[in-house]
(Lines of atoms letter the chains of each structure in order from A and count residues from 1; the text may use other names and numbers.)
(Lines give C-alpha, C1' and ligand atoms only; values in the text may rest on other atoms or scores of the structure.)
Protein backbone atom coordinates (compact mmCIF):
# COMPACT_ATOMS: atom_id res chain seq x y z
CA UNK A 1 0.00 0.00 0.00
CA UNK A 2 1.31 3.43 -0.99
CA UNK A 3 -0.02 6.46 0.84
CA UNK A 4 0.93 9.83 -0.63
CA UNK A 5 0.02 12.87 1.44
CA UNK A 6 0.23 16.49 0.32
CA UNK A 7 2.93 16.00 -2.31
CA UNK A 8 4.13 19.41 -3.38
CA UNK A 9 6.83 20.68 -5.68
CA UNK A 10 7.55 24.04 -7.24
CA UNK A 11 10.17 25.24 -9.69
CA UNK A 12 10.54 28.94 -9.06
CA UNK A 13 7.11 30.46 -9.40
CA UNK A 14 5.66 27.44 -11.17
CA UNK A 15 3.90 24.84 -9.05
CA UNK A 16 4.57 21.44 -10.63
CA UNK A 17 2.78 19.27 -8.06
CA UNK A 18 0.13 20.89 -5.95
CA UNK A 19 -0.63 19.05 -2.71
CA UNK A 20 -1.49 15.69 -4.22
CA UNK A 21 -2.83 13.03 -1.90
CA UNK A 22 -3.84 9.53 -2.96
CA UNK A 23 -3.57 5.89 -2.08
CA UNK A 24 -2.37 3.03 -4.24
CA UNK A 25 -3.81 -0.23 -3.02
CA UNK A 26 -2.32 -3.70 -3.36
CA UNK A 27 -3.84 -6.39 -5.57
CA UNK A 28 -4.63 -4.08 -8.46
CA UNK A 29 -3.02 -1.93 -11.13
CA UNK A 30 -3.39 1.77 -10.48
CA UNK A 31 -2.93 3.94 -13.54
CA UNK A 32 -1.42 7.40 -13.22
CA UNK A 33 -2.79 9.55 -16.02
CA UNK A 34 -2.22 13.08 -17.11
CA UNK A 35 -1.25 15.10 -20.16
CA UNK A 36 2.38 15.93 -20.90
CA UNK A 37 3.79 18.24 -18.25
CA UNK A 38 1.01 17.42 -15.78
CA UNK A 39 3.56 16.45 -13.11
CA UNK A 40 3.39 12.63 -13.27
CA UNK A 41 7.15 12.05 -13.32
CA UNK A 42 7.76 14.76 -10.72
CA UNK A 43 5.18 13.13 -8.46
CA UNK A 44 6.90 9.76 -8.82
CA UNK A 45 10.28 11.36 -8.13
CA UNK A 46 8.87 12.97 -4.99
CA UNK A 47 7.49 9.61 -3.89
CA UNK A 48 10.94 8.04 -4.24
CA UNK A 49 12.81 10.90 -2.52
CA UNK A 50 14.62 11.73 -5.75
CA UNK A 51 13.28 15.27 -5.63
CA UNK A 52 13.06 17.51 -2.61
CA UNK A 53 9.60 18.88 -2.04
CA UNK A 54 6.68 18.92 0.33
CA UNK A 55 4.50 16.11 1.62
CA UNK A 56 5.37 12.52 2.35
CA UNK A 57 4.88 9.10 0.84
CA UNK A 58 4.62 6.00 2.97
CA UNK A 59 5.19 2.49 1.64
CA UNK A 60 3.36 0.16 4.00
CA UNK A 61 3.76 2.86 6.63
CA UNK A 62 7.46 3.59 6.06
CA UNK A 63 9.27 6.39 4.24
CA UNK A 64 11.38 5.33 1.26
CA UNK A 65 14.63 6.59 2.77
CA UNK A 66 14.19 4.57 5.95
CA UNK A 67 13.90 1.20 4.19
CA UNK A 68 17.18 -0.70 4.46
CA UNK A 69 17.13 -2.29 1.02
CA UNK A 70 14.38 -0.46 -0.88
CA UNK A 71 14.89 -2.42 -4.11
CA UNK A 72 13.72 -5.55 -2.33
CA UNK A 73 10.43 -3.85 -1.49
CA UNK A 74 9.91 -1.20 -4.16
CA UNK A 75 10.90 -1.67 -7.78
CA UNK A 76 10.98 1.63 -9.60
CA UNK A 77 11.87 2.74 -13.10
CA UNK A 78 11.48 6.37 -14.05
CA UNK A 79 13.68 6.61 -17.14
CA UNK A 80 13.90 4.06 -19.89
CA UNK A 81 17.60 4.40 -20.68
CA UNK A 82 19.13 4.92 -17.26
CA UNK A 83 22.17 2.71 -17.74
CA UNK A 84 25.79 3.12 -18.77
CA UNK A 85 26.04 2.49 -22.52
CA UNK A 86 29.02 0.14 -22.27
CA UNK A 87 28.15 -1.74 -19.08
CA UNK A 88 26.32 -4.92 -20.05
CA UNK A 89 22.71 -5.41 -18.98
CA UNK A 90 23.82 -8.27 -16.77
CA UNK A 91 26.48 -6.15 -15.05
CA UNK A 92 24.06 -3.25 -14.68
CA UNK A 93 21.69 -5.50 -12.76
CA UNK A 94 24.52 -7.13 -10.82
CA UNK A 95 25.70 -3.69 -9.72
CA UNK A 96 22.25 -2.83 -8.38
CA UNK A 97 21.95 -6.29 -6.84
CA UNK A 98 25.25 -5.76 -5.00
CA UNK A 99 23.88 -2.54 -3.52
CA UNK A 100 20.75 -4.25 -2.31
CA UNK A 101 22.06 -7.53 -0.95
CA UNK A 102 20.46 -9.49 -3.78
CA UNK A 103 22.28 -12.57 -5.16
CA UNK A 104 23.85 -12.10 -8.60
CA UNK A 105 21.92 -15.09 -9.94
CA UNK A 106 18.75 -13.03 -9.69
CA UNK A 107 20.04 -10.78 -12.52
CA UNK A 108 19.99 -13.73 -14.92
CA UNK A 109 16.53 -14.76 -13.72
CA UNK A 110 14.92 -11.39 -14.40
CA UNK A 111 16.73 -10.99 -17.72
CA UNK A 112 15.33 -14.37 -18.74
CA UNK A 113 11.88 -13.27 -17.57
CA UNK A 114 11.87 -10.09 -19.69
CA UNK A 115 13.34 -11.89 -22.70
CA UNK A 116 16.78 -10.30 -22.76
CA UNK A 117 18.85 -13.41 -22.01
CA UNK A 118 20.39 -13.50 -25.47
CA UNK A 119 21.68 -9.93 -25.25
CA UNK A 120 22.54 -9.81 -21.56
CA UNK A 121 26.26 -9.61 -22.26
CA UNK A 122 25.96 -6.99 -24.97
CA UNK A 123 26.45 -3.27 -24.49
CA UNK A 124 23.03 -1.69 -24.00
CA UNK A 125 23.94 1.32 -26.14
CA UNK A 126 22.71 -0.76 -29.08
CA UNK A 127 19.37 -1.50 -27.39
CA UNK A 128 16.16 -0.24 -28.96
CA UNK A 129 13.74 1.70 -26.77
CA UNK A 130 11.65 -1.44 -26.38
CA UNK A 131 14.66 -3.45 -25.18
CA UNK A 132 15.59 -0.64 -22.82
CA UNK A 133 12.07 -0.74 -21.39
CA UNK A 134 12.42 -4.48 -20.83
CA UNK A 135 15.73 -3.91 -19.06
CA UNK A 136 13.99 -1.29 -16.95
CA UNK A 137 11.29 -3.79 -15.98
CA UNK A 138 14.00 -6.35 -15.17
CA UNK A 139 15.61 -3.75 -12.93
CA UNK A 140 12.31 -3.08 -11.19
CA UNK A 141 11.72 -6.80 -10.61
CA UNK A 142 15.29 -7.47 -9.47
CA UNK A 143 14.50 -7.48 -5.77
CA UNK A 144 11.18 -9.33 -6.25
CA UNK A 145 9.46 -6.28 -4.71
CA UNK A 146 5.94 -6.03 -3.37
CA UNK A 147 5.50 -2.61 -4.96
CA UNK A 148 6.21 -1.45 -8.49
CA UNK A 149 6.39 2.18 -9.63
CA UNK A 150 6.80 2.49 -13.39
CA UNK A 151 6.87 5.67 -15.44
CA UNK A 152 5.56 5.11 -18.96
CA UNK A 153 6.77 1.50 -19.22
CA UNK A 154 4.88 0.85 -22.47
CA UNK A 155 6.70 3.56 -24.44
CA UNK A 156 8.63 2.03 -27.28
CA UNK A 157 7.18 -1.45 -26.92
CA UNK A 158 5.68 -3.10 -29.99
CA UNK A 159 2.06 -4.34 -29.79
CA UNK A 160 3.24 -7.79 -28.71
CA UNK A 161 5.41 -6.20 -26.02
CA UNK A 162 2.55 -4.04 -24.79
CA UNK A 163 0.31 -7.09 -24.57
CA UNK A 164 3.04 -8.93 -22.67
CA UNK A 165 3.59 -6.00 -20.29
CA UNK A 166 -0.13 -5.76 -19.61
CA UNK A 167 -0.31 -9.44 -18.78
CA UNK A 168 2.78 -9.23 -16.56
CA UNK A 169 1.48 -6.28 -14.56
CA UNK A 170 -2.00 -7.74 -14.15
CA UNK A 171 -0.50 -11.04 -13.10
CA UNK A 172 1.78 -9.31 -10.56
CA UNK A 173 -1.21 -7.41 -9.22
CA UNK A 174 -3.15 -10.66 -8.84
CA UNK A 175 -0.30 -11.88 -6.60
CA UNK A 176 -1.24 -9.06 -4.23
CA UNK A 177 1.43 -6.60 -5.29
CA UNK A 178 0.93 -2.84 -5.48
CA UNK A 179 1.37 -1.57 -9.04
CA UNK A 180 1.49 2.14 -9.83
CA UNK A 181 2.05 2.83 -13.50
CA UNK A 182 1.94 6.10 -15.37
CA UNK A 183 0.94 6.41 -18.98
CA UNK A 184 -0.49 8.77 -21.51
CA UNK A 185 -1.69 5.79 -23.55
CA UNK A 186 -5.33 5.86 -22.56
CA UNK A 187 -6.20 2.72 -24.45
CA UNK A 188 -3.54 0.96 -22.39
CA UNK A 189 -4.93 2.21 -19.14
CA UNK A 190 -8.46 1.16 -20.03
CA UNK A 191 -7.22 -2.40 -20.55
CA UNK A 192 -4.75 -2.52 -17.71
CA UNK A 193 -5.76 -0.30 -14.83
CA UNK A 194 -8.32 -1.06 -12.17
CA UNK A 195 -7.97 2.31 -10.46
CA UNK A 196 -6.95 5.70 -11.80
CA UNK A 197 -5.18 8.72 -10.43
CA UNK A 198 -5.64 11.51 -12.97
CA UNK A 199 -3.81 14.81 -12.63
CA UNK A 200 -3.55 17.99 -14.66
CA UNK A 201 -1.12 20.83 -13.99
CA UNK A 202 -0.07 19.11 -10.79
CA UNK A 203 -3.53 19.00 -9.28
CA UNK A 204 -5.79 16.03 -8.68
CA UNK A 205 -8.56 15.64 -11.23
CA UNK A 206 -9.83 12.20 -10.35
CA UNK A 207 -8.99 9.31 -8.05
CA UNK A 208 -11.13 6.21 -8.30
CA UNK A 209 -12.08 3.34 -10.57
CA UNK A 210 -12.00 3.49 -14.35
CA UNK A 211 -15.79 3.18 -14.87
CA UNK A 212 -16.38 5.98 -12.39
CA UNK A 213 -13.97 8.21 -14.28
CA UNK A 214 -15.86 7.68 -17.53
CA UNK A 215 -19.18 8.26 -15.77
CA UNK A 216 -18.02 11.44 -14.14
CA UNK A 217 -16.38 13.09 -17.09
CA UNK A 218 -18.64 12.11 -19.93
CA UNK A 219 -22.30 12.51 -20.66
CA UNK A 220 -23.98 9.69 -22.52
CA UNK A 221 -25.59 10.83 -25.74
CA UNK A 222 -28.34 9.33 -27.85
CA UNK A 223 -28.00 9.19 -31.60
CA UNK A 224 -31.30 9.70 -33.37
CA UNK A 225 -32.05 9.47 -37.09
CA UNK A 226 -35.38 10.49 -38.50
CA UNK A 227 -36.80 11.54 -41.90
CA UNK A 228 -38.49 14.42 -40.03
CA UNK A 229 -35.45 15.51 -38.06
CA UNK A 230 -36.24 19.22 -38.07
CA UNK A 231 -39.58 18.69 -36.37
CA UNK A 232 -37.96 16.26 -33.95
CA UNK A 233 -35.43 18.95 -33.00
CA UNK A 234 -38.32 21.32 -32.22
CA UNK A 235 -40.00 18.67 -30.06
CA UNK A 236 -36.84 17.83 -28.12
CA UNK A 237 -35.68 21.41 -27.68
CA UNK A 238 -36.24 22.15 -24.00
CA UNK A 239 -34.21 23.12 -20.87
CA UNK A 240 -31.38 20.76 -20.02
CA UNK A 241 -31.35 19.12 -23.41
CA UNK A 242 -28.47 19.67 -25.80
CA UNK A 243 -28.78 18.78 -29.45
CA UNK A 244 -25.89 18.54 -31.87
CA UNK A 245 -26.69 18.38 -35.57
CA UNK A 246 -28.33 17.43 -37.75
CA UNK A 247 -25.31 16.23 -39.63
CA UNK A 248 -24.97 15.26 -43.26
CA UNK A 249 -26.84 12.00 -42.63
CA UNK A 250 -29.66 13.97 -40.99
CA UNK A 251 -28.93 12.43 -37.59
CA UNK A 252 -28.68 14.30 -34.28
CA UNK A 253 -26.85 13.64 -31.01
CA UNK A 254 -29.00 14.34 -27.98
CA UNK A 255 -27.74 14.69 -24.42
CA UNK A 256 -29.90 15.35 -21.38
CA UNK A 257 -32.59 12.84 -22.37
CA UNK A 258 -32.30 9.08 -22.45
CA UNK A 259 -33.35 6.87 -25.35
CA UNK A 260 -36.75 5.77 -23.91
CA UNK A 261 -37.75 9.39 -23.27
CA UNK A 262 -36.79 10.44 -26.80
CA UNK A 263 -38.64 7.46 -28.26
CA UNK A 264 -41.74 8.31 -26.25
CA UNK A 265 -41.71 11.99 -27.33
CA UNK A 266 -41.27 11.00 -30.95
CA UNK A 267 -44.16 8.53 -30.71
CA UNK A 268 -46.43 11.10 -29.04
CA UNK A 269 -45.70 13.60 -31.83
CA UNK A 270 -46.06 11.09 -34.64
CA UNK A 271 -42.44 11.33 -35.76
CA UNK A 272 -40.92 8.26 -37.37
CA UNK A 273 -37.45 7.23 -36.14
CA UNK A 274 -34.92 5.25 -38.17
CA UNK A 275 -32.32 4.99 -35.40
CA UNK A 276 -32.29 5.44 -31.65
CA UNK A 277 -28.99 4.41 -30.03
CA UNK A 278 -27.27 5.29 -26.76
CA UNK A 279 -23.61 6.31 -27.27
CA UNK A 280 -21.25 5.40 -24.40
CA UNK A 281 -18.20 7.63 -24.09
CA UNK A 282 -14.74 6.09 -24.14
CA UNK A 283 -12.02 6.54 -21.55
CA UNK A 284 -10.25 8.74 -24.04
CA UNK A 285 -13.24 11.06 -24.30
CA UNK A 286 -13.41 11.21 -20.53
CA UNK A 287 -9.71 11.97 -20.35
CA UNK A 288 -9.97 14.77 -22.89
CA UNK A 289 -12.90 16.24 -21.00
CA UNK A 290 -11.16 15.95 -17.65
CA UNK A 291 -7.77 17.30 -18.67
CA UNK A 292 -8.66 19.56 -21.58
CA UNK A 293 -8.21 22.74 -19.58
CA UNK A 294 -5.12 21.54 -17.77
CA UNK A 295 -2.94 20.65 -20.74
CA UNK A 296 0.48 22.15 -20.13
CA UNK A 297 1.75 22.16 -23.68
CA UNK A 298 -0.84 22.56 -26.36
CA UNK A 299 -0.12 22.62 -30.08
CA UNK A 300 -1.92 25.07 -32.29
CA UNK A 301 -4.14 24.17 -35.20
CA UNK A 302 -2.49 24.09 -38.60
CA UNK A 303 -3.08 27.47 -40.14
CA UNK A 304 -5.67 27.39 -42.91
CA UNK A 305 -6.46 29.96 -45.58
CA UNK A 306 -7.81 33.33 -44.43
CA UNK A 307 -11.38 33.27 -43.22
CA UNK A 308 -12.55 35.28 -46.24
CA UNK A 309 -11.51 32.45 -48.54
CA UNK A 310 -13.19 29.76 -46.49
CA UNK A 311 -16.62 28.61 -47.55
CA UNK A 312 -19.30 29.57 -45.05
CA UNK A 313 -20.63 26.73 -42.92
CA UNK A 314 -23.80 25.27 -44.24
CA UNK A 315 -26.65 25.51 -41.78
CA UNK A 316 -29.62 23.36 -42.68
CA UNK A 317 -32.74 25.37 -42.75
CA UNK A 318 -36.32 24.84 -43.73
CA UNK A 319 -37.13 25.44 -47.40
CA UNK A 320 -35.20 24.56 -50.55
CA UNK A 321 -31.71 23.23 -50.13
CA UNK A 322 -28.90 25.74 -50.40
CA UNK A 323 -26.99 25.91 -53.66
CA UNK A 324 -23.69 24.04 -53.62
CA UNK A 325 -20.58 26.21 -53.15
CA UNK A 326 -19.07 27.49 -56.34
CA UNK A 327 -15.87 25.59 -57.15
CA UNK A 328 -12.75 27.63 -57.80
CA UNK A 329 -11.66 27.93 -61.39
CA UNK A 330 -9.40 25.20 -62.69
CA UNK A 331 -6.97 25.35 -65.60
CA UNK A 332 -8.84 24.43 -68.71
CA UNK A 333 -12.23 25.45 -67.40
CA UNK A 334 -14.28 27.06 -70.14
CA UNK A 335 -16.39 29.02 -67.66
CA UNK A 336 -14.03 30.65 -65.14
CA UNK A 337 -15.42 30.53 -61.66
CA UNK A 338 -18.92 29.85 -62.89
CA UNK A 339 -21.26 26.95 -62.56
CA UNK A 340 -21.27 24.57 -65.43
CA UNK B 1 27.52 0.84 4.32
CA UNK B 2 28.80 -2.53 3.16
CA UNK B 3 26.10 -2.72 0.48
CA UNK B 4 27.04 0.72 -0.80
CA UNK B 5 30.71 -0.33 -0.94
CA UNK B 6 29.80 -3.54 -2.80
CA UNK B 7 27.73 -1.48 -5.22
CA UNK B 8 30.66 0.86 -5.84
CA UNK B 9 33.07 -2.02 -6.26
CA UNK B 10 30.90 -3.67 -8.91
CA UNK B 11 30.29 -0.28 -10.56
CA UNK B 12 34.03 0.38 -10.75
CA UNK B 13 35.07 -3.03 -12.04
CA UNK B 14 32.32 -3.32 -14.66
CA UNK B 15 33.43 -0.20 -16.50
CA UNK B 16 35.90 -0.56 -19.34
CA UNK B 17 37.22 2.93 -18.76
CA UNK B 18 38.54 1.87 -15.34
CA UNK B 19 40.83 -0.66 -16.98
CA UNK B 20 42.14 1.45 -19.81
CA UNK B 21 42.69 4.49 -17.61
CA UNK B 22 44.61 2.45 -15.05
CA UNK B 23 46.44 0.51 -17.76
CA UNK B 24 47.54 3.63 -19.62
CA UNK B 25 48.45 5.35 -16.35
CA UNK B 26 50.66 2.49 -15.23
CA UNK B 27 52.20 2.07 -18.68
CA UNK B 28 53.00 5.75 -19.25
CA UNK B 29 54.38 6.13 -15.73
CA UNK B 30 56.53 3.04 -16.23
CA UNK B 31 57.72 4.52 -19.54
CA UNK B 32 58.76 7.77 -17.83
CA UNK B 33 60.48 5.75 -15.09
CA UNK B 34 62.35 3.77 -17.74
CA UNK B 35 63.50 6.94 -19.56
CA UNK B 36 64.77 8.55 -16.33
CA UNK B 37 66.43 5.37 -15.11
CA UNK B 38 68.07 4.78 -18.49
CA UNK B 39 69.21 8.42 -18.85
CA UNK B 40 70.77 8.45 -15.38
CA UNK B 41 72.18 4.91 -15.47
CA UNK B 42 75.75 6.20 -15.18
CA UNK B 43 74.98 8.73 -12.40
CA UNK B 44 75.27 7.88 -8.73
CA UNK B 45 71.88 6.82 -7.35
CA UNK B 46 70.58 9.63 -5.16
CA UNK B 47 67.19 10.47 -3.62
CA UNK B 48 66.21 12.71 -6.54
CA UNK B 49 66.70 10.01 -9.15
CA UNK B 50 65.11 7.33 -6.98
CA UNK B 51 62.04 9.51 -6.30
CA UNK B 52 61.63 10.45 -9.96
CA UNK B 53 61.91 6.84 -11.13
CA UNK B 54 59.62 5.45 -8.42
CA UNK B 55 56.89 8.04 -9.02
CA UNK B 56 57.39 8.06 -12.78
CA UNK B 57 58.25 11.76 -12.67
CA UNK B 58 54.95 12.57 -10.94
CA UNK B 59 56.32 15.86 -9.62
CA UNK B 60 56.33 17.27 -13.16
CA UNK B 61 54.18 14.74 -15.09
CA UNK B 62 51.10 13.92 -13.03
CA UNK B 63 49.85 10.96 -15.05
CA UNK B 64 48.56 8.68 -12.31
CA UNK B 65 47.12 11.55 -10.23
CA UNK B 66 45.24 12.89 -13.26
CA UNK B 67 44.08 9.45 -14.43
CA UNK B 68 42.84 8.62 -10.95
CA UNK B 69 41.09 12.00 -10.86
CA UNK B 70 39.32 11.01 -14.08
CA UNK B 71 38.23 7.74 -12.46
CA UNK B 72 36.92 9.90 -9.60
CA UNK B 73 35.12 12.11 -12.10
CA UNK B 74 33.52 9.06 -13.72
CA UNK B 75 32.39 7.70 -10.34
CA UNK B 76 30.00 10.61 -9.82
CA UNK B 77 29.82 12.25 -13.26
CA UNK B 78 28.67 9.10 -15.08
CA UNK B 79 25.67 8.90 -12.74
CA UNK B 80 24.37 12.14 -14.24
CA UNK B 81 25.73 11.76 -17.76
CA UNK B 82 23.93 8.44 -18.22
CA UNK B 83 21.02 8.99 -15.85
CA UNK B 84 22.02 6.11 -13.59
CA UNK B 85 21.64 8.33 -10.52
CA UNK B 86 17.98 7.32 -10.43
CA UNK B 87 18.44 3.54 -10.20
CA UNK B 88 21.42 4.15 -7.92
CA UNK B 89 19.38 6.21 -5.48
CA UNK B 90 16.47 3.80 -5.61
CA UNK B 91 18.93 1.09 -4.52
CA UNK B 92 20.81 3.26 -2.01
CA UNK B 93 18.67 6.28 -1.08
CA UNK B 94 21.00 7.41 1.71
CA UNK B 95 22.96 10.00 -0.25
CA UNK B 96 25.75 10.58 2.28
CA UNK B 97 26.33 6.83 2.50
CA UNK B 98 26.53 6.59 -1.28
CA UNK B 99 28.97 9.49 -1.62
CA UNK B 100 31.11 8.15 1.21
CA UNK B 101 31.22 4.72 -0.44
CA UNK B 102 32.37 6.34 -3.68
CA UNK B 103 35.11 8.26 -1.85
CA UNK B 104 36.30 5.15 -0.02
CA UNK B 105 36.32 2.97 -3.13
CA UNK B 106 38.11 5.54 -5.30
CA UNK B 107 40.64 6.11 -2.50
CA UNK B 108 41.26 2.36 -2.11
CA UNK B 109 41.68 2.06 -5.85
CA UNK B 110 44.20 4.94 -5.72
CA UNK B 111 46.20 3.20 -3.01
CA UNK B 112 46.34 -0.05 -4.98
CA UNK B 113 47.32 1.71 -8.21
CA UNK B 114 50.06 3.78 -6.57
CA UNK B 115 51.43 0.66 -4.84
CA UNK B 116 51.38 -1.22 -8.13
CA UNK B 117 53.02 1.65 -9.98
CA UNK B 118 55.73 2.00 -7.33
CA UNK B 119 56.43 -1.73 -7.54
CA UNK B 120 56.62 -1.71 -11.36
CA UNK B 121 58.84 1.37 -11.39
CA UNK B 122 61.09 -0.09 -8.70
CA UNK B 123 61.65 -3.18 -10.86
CA UNK B 124 62.47 -0.92 -13.83
CA UNK B 125 64.90 1.08 -11.66
CA UNK B 126 66.57 -2.06 -10.33
CA UNK B 127 67.36 -3.13 -13.89
CA UNK B 128 69.73 -0.14 -14.13
CA UNK B 129 70.65 0.42 -10.50
CA UNK B 130 71.53 -3.11 -9.53
CA UNK B 131 70.78 -2.20 -5.90
CA UNK B 132 67.87 -0.97 -3.79
CA UNK B 133 67.80 2.80 -3.23
CA UNK B 134 67.89 4.15 0.30
CA UNK B 135 64.33 4.41 1.58
CA UNK B 136 65.41 6.90 4.28
CA UNK B 137 64.86 10.65 4.09
CA UNK B 138 63.40 12.00 1.80
CA UNK B 139 61.92 8.84 0.20
CA UNK B 140 60.27 7.91 3.50
CA UNK B 141 58.17 11.08 3.06
CA UNK B 142 57.98 11.22 -0.72
CA UNK B 143 56.36 7.77 -1.03
CA UNK B 144 53.59 8.43 1.54
CA UNK B 145 53.23 11.87 -0.05
CA UNK B 146 52.63 10.20 -3.43
CA UNK B 147 49.82 8.09 -1.96
CA UNK B 148 48.26 11.19 -0.39
CA UNK B 149 48.60 13.24 -3.59
CA UNK B 150 46.91 10.61 -5.78
CA UNK B 151 44.10 10.09 -3.26
CA UNK B 152 43.52 13.85 -3.10
CA UNK B 153 43.48 14.12 -6.89
CA UNK B 154 40.94 11.27 -7.12
CA UNK B 155 38.67 12.82 -4.49
CA UNK B 156 39.07 16.20 -6.18
CA UNK B 157 37.83 14.73 -9.47
CA UNK B 158 34.94 12.97 -7.74
CA UNK B 159 33.93 16.16 -5.91
CA UNK B 160 34.17 18.35 -9.04
CA UNK B 161 31.96 15.97 -11.05
CA UNK B 162 29.47 15.79 -8.18
CA UNK B 163 29.47 19.58 -7.97
CA UNK B 164 28.92 20.06 -11.71
CA UNK B 165 26.78 16.90 -12.03
CA UNK B 166 28.59 15.88 -15.17
CA UNK B 167 31.89 14.84 -16.69
CA UNK B 168 33.07 17.55 -19.15
CA UNK B 169 33.03 20.54 -16.77
CA UNK B 170 34.91 18.60 -14.10
CA UNK B 171 37.62 17.52 -16.55
CA UNK B 172 38.02 21.07 -17.82
CA UNK B 173 38.41 22.47 -14.30
CA UNK B 174 40.80 19.67 -13.33
CA UNK B 175 43.08 20.28 -16.28
CA UNK B 176 42.73 24.04 -16.71
CA UNK B 177 43.26 25.03 -13.07
CA UNK B 178 46.78 23.63 -12.62
CA UNK B 179 47.94 24.19 -16.19
CA UNK B 180 46.55 27.62 -17.00
CA UNK B 181 45.15 29.36 -13.92
CA UNK B 182 48.00 28.59 -11.54
CA UNK B 183 50.57 29.12 -14.30
CA UNK B 184 49.02 32.48 -15.09
CA UNK B 185 48.98 33.66 -11.48
CA UNK B 186 52.54 32.56 -10.81
CA UNK B 187 53.67 34.15 -14.09
CA UNK B 188 51.95 37.45 -13.26
CA UNK B 189 53.74 37.51 -9.92
CA UNK B 190 56.99 37.99 -11.85
CA UNK B 191 55.75 41.37 -13.12
CA UNK B 192 57.22 43.93 -10.67
CA UNK B 193 53.93 45.82 -10.40
CA UNK B 194 52.18 42.57 -9.47
CA UNK B 195 54.75 41.19 -7.05
CA UNK B 196 52.14 41.49 -4.30
CA UNK B 197 50.81 38.21 -5.69
CA UNK B 198 53.89 36.36 -4.46
CA UNK B 199 52.71 35.72 -0.88
CA UNK B 200 49.61 34.01 -2.29
CA UNK B 201 51.54 31.62 -4.52
CA UNK B 202 52.12 29.10 -1.73
CA UNK B 203 48.36 28.68 -1.53
CA UNK B 204 47.85 27.72 -5.17
CA UNK B 205 46.36 24.27 -4.50
CA UNK B 206 47.75 22.08 -7.25
CA UNK B 207 51.22 23.63 -7.06
CA UNK B 208 51.18 23.19 -3.28
CA UNK B 209 50.02 19.59 -3.67
CA UNK B 210 52.99 18.80 -5.89
CA UNK B 211 55.26 19.60 -2.92
CA UNK B 212 54.17 16.30 -1.41
CA UNK B 213 56.68 14.73 -3.83
CA UNK B 214 59.50 17.23 -3.20
CA UNK B 215 62.93 15.79 -2.49
CA UNK B 216 64.45 19.14 -1.46
CA UNK B 217 63.65 22.79 -0.82
CA UNK B 218 62.06 24.75 -3.65
CA UNK B 219 64.46 26.90 -5.63
CA UNK B 220 63.03 29.69 -7.76
CA UNK B 221 66.03 29.91 -10.15
CA UNK B 222 64.65 33.09 -11.64
CA UNK B 223 61.09 31.73 -11.78
CA UNK B 224 58.15 32.61 -9.54
CA UNK B 225 59.04 32.77 -5.86
CA UNK B 226 56.51 30.39 -4.34
CA UNK B 227 58.01 30.41 -0.85
CA UNK B 228 56.21 27.13 -0.18
CA UNK B 229 55.19 25.88 3.23
CA UNK B 230 56.77 22.58 4.27
CA UNK B 231 55.76 19.31 2.57
CA UNK B 232 52.82 18.36 4.77
CA UNK B 233 51.56 21.91 5.21
CA UNK B 234 51.59 22.30 1.43
CA UNK B 235 49.76 19.00 1.20
CA UNK B 236 47.32 20.48 3.71
CA UNK B 237 46.71 23.45 1.37
CA UNK B 238 45.74 21.06 -1.43
CA UNK B 239 43.69 18.93 0.96
CA UNK B 240 41.82 22.04 2.17
CA UNK B 241 41.05 22.97 -1.45
CA UNK B 242 39.71 19.48 -2.11
CA UNK B 243 37.78 19.50 1.17
CA UNK B 244 36.06 22.79 0.30
CA UNK B 245 34.95 21.50 -3.12
CA UNK B 246 33.82 18.23 -1.56
CA UNK B 247 31.88 19.97 1.20
CA UNK B 248 30.01 22.18 -1.27
CA UNK B 249 29.34 19.22 -3.59
CA UNK B 250 28.16 17.07 -0.65
CA UNK B 251 25.84 19.79 0.63
CA UNK B 252 24.33 20.34 -2.80
CA UNK B 253 23.99 16.58 -3.40
CA UNK B 254 21.91 16.35 -0.24
CA UNK B 255 19.90 19.45 -1.06
CA UNK B 256 19.32 19.27 -4.81
CA UNK B 257 16.98 17.08 -6.81
CA UNK B 258 18.63 13.96 -8.19
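In case you wondered, yes, glycine gets a Cβ from its N, Cα and C as well.
Of the given residue ranges B:60-78, B:79-97, TrEMBL assigns the label transmembrane segment to B:60-78.
The stretch from B:60-78, B:142-164, B:171-194 that makes the most Cβ contacts under 8 Å with the transmembrane segment (B:232-253) is B:142-164. With respect to Cβ pairs under 8 Å, the transmembrane segment (B:142-164) is most closely packed against B:60-78, considering the stretches B:20-40, B:60-78, B:171-194.
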